[in-house]
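Taken from TrEMBL as is:
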type: TRANSMEM; residues: 67-89; note: transmembrane segment
type: TRANSMEM; residues: 95-116; note: transmembrane segment
type: TRANSMEM; residues: 165-187; note: transmembrane segment
type: TRANSMEM; residues: 193-215; note: transmembrane segment
type: TRANSMEM; residues: 311-332; note: transmembrane segment
type: TRANSMEM; residues: 352-372; note: transmembrane segment
type: TRANSMEM; residues: 393-414; note: transmembrane segment
type: TRANSMEM; residues: 446-465; note: transmembrane segment
type: TRANSMEM; residues: 477-501; note: transmembrane segment
type: TRANSMEM; residues: 521-546; note: transmembrane segment
Amino acid sequence: MTHNSHKDTKKQVSAQQKPSRGGWNAAIFIIFVELAERFAFHGLGANLITYLTNVLNQPISTAAKNVNTWAGVSYLFPLFGAFVADSFLGRFKTILLASVIYFMGMVLLTLSVSVIPLDYRKAIFFVALYILSVGEGGHKPCVQTFAADQFDEDSLEDKKVKSSFFNWWFLGIVAGSSAAILAVIYVEDSIGWAAGIGMLAIALAVSLTMFLIGIKRYRKQGPLGSPLTTVAQVLVAAARKWRVAEKCGSYSVYHADVLHAVGQPKTRTLTHTNQLRCLDKAMIIDNLDAMRTIRDPWRLCSLNQVEEVKLVLRLFPIWLSCLMFPIIMSQINTYFTKQGSTMHRAITPHFTIPPASLQALVGLTILFNIPLYDRVFVHITRKFTGHPSGITVLQRIGIGLFLSIFVMVVSALVEAKRINIAKEYNLLDHPKAIVPMKVWWLLPQYIIAGLADIFTFVGLQELFYAQMPEAMRSLGAALFLSVAGVGNFISSAIISMVQAISSRNGEEWLGDNINRAHLDYFYWVLAGLSSLNFCVYVWIAMCFVYKKVEEDDVHGEKELGAINGYVDGEII
């Protein structure tokens, strides 16, 4: 008996020391899944404006608005996907279902550019596009969160790894998109759209297969219930007690025990914060609550529930102040591509770069600089700031927003030079003629865009994961993606407004003849808007309070606090 007991104890210790699920062994599979999915998405999206203008014969401005609308819908559907994942299916099942829908949409898209009759091609093409948006809706909010969930938040080592994980996650995304921009777009332009989009369908089949191969390695969580219920309960409870005065000692506060269900992430106890104090009334036990034997969840909420809602609401000003960033970045897929199509792109007498492939310069900039950021920049800045990540998440986002201003400034200057050269060679009335100007003049604006992405895009990913309540992290990922979605819709609206105003004054800034248009003026308008937006962001960031968690031991509290951007209650 003693021998058997000793063996059982040894097995238990071994199991504790070597967890069979989660960690990098699981996360690496999910990173490759995302890599394949990004390969498919960008292989289509990066060259979509070329198909719409050259094959479907749409005007440039109409095609640009269609690209922005499709991208916007694709980035807004994740809000619905996150709700389904958190409330009904869980992240694993949602990813699986979304991957199947995504694959079916890409197969239909392949058929629409090949065997579907011309009379029905346009309609089927757009139906397939928006089926892909539905697949994106389930895939995007869950995959990143599911991958990050593979790291244990109770382990200090895993907490440190998680910050680095977001850098390498973004590197995987960029590797997939860059490979698509370099390879698939060349096939689409040189061989045919059926061959190019067929490659994307194959990539999605590989993505789905790899996801299923790693099924035994994943840490899976069931649905956690609707995250919107908690938000609604706190808002209703606070509204019902709006007459209750917040006097110290007059009322007691409801502190519910934070329960941890088996197989679900551990819910942490949040500390009380002084922002949005009107919501604190939801946790005050007044005379009516004291007389009740059973708590009414729509009248009395716990401190933890109230602080969770505050976390969500505190992110909305940041969300709003970052909408300008995707407006700037949306120009890469639209007007940057049309700019490049008019410039000298020949590398050799027999090889010319497809204009949409220039977007790979953004990806290559990111691929080269992410390791430098993670291994060099973080270590150098850490010596000065003492912050585990070198700089705080909000500082990282702010640097990217600042760089995005220069993306537009440089773009405007280069476009002005291109127009002057076109005028010099009498090419203003020949929009399809090649302007004798090397395409490498566009290199600075693509490189600065890539650097801005490293700071703002990755920073937003980390912020909307780390600062959301554990049960709402799929919603957090969806909110992060919706920044791009709403930004693309606003970009379409700005294009329509600029067209309307400039046409009324006799000069169409965004006409089909890009040589006669004033794309440089449009870029200056975006640079001005981005500058104003940056000032608003700085003000909002200075008022932001990071998530504060009560830990059992002081060392753990300081470690987690430093990672999230505060130490001992002070914002860094």
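Every residue gets a Cβ built from N, Cα and C, even glycine.
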Chain residues outside the transmembrane segment (165-187) and at least six past its termini with a C-beta under 8 angstroms from it: 27, 31-32, 34-43, 46-47, 144, 147-148, 151, 195-196, 199-200, 354, 356-357, 359-360, 363-364, 366-367, 370-371, 373-374, 454, 457-458, 461-462, 465
Long-range environment of the transmembrane segment (393-414) - Cβ separation under 8 angstroms, sequence gap at least 6: 318, 322, 324-325, 328-329, 331, 336, 339, 441-442, 444-445, 448-449, 451-460, 462-463, 466, 520-521, 523-524, 526-527, 530-531, 533-534, 537-538, 541, 544, 565
Intrachain neighbours beyond the transmembrane segment (477-501), with Cβ under 8 angstroms and 6 or more residues off its ends: 61, 64-65, 68-69, 71-76, 78-79, 81-82, 140-142, 144-145, 315, 319, 322-327, 329-331, 460-461, 463-465, 508-510, 522, 525-526
Within-chain partners of the transmembrane segment (67-89) [C-beta distance under 8 Å, separation at least 6 from its ends]: 41, 45, 48-49, 52, 97-98, 129-130, 132-134, 136-142, 223-228, 330, 333-334, 471-472, 474-475, 477-479, 481-489, 491-492, 495
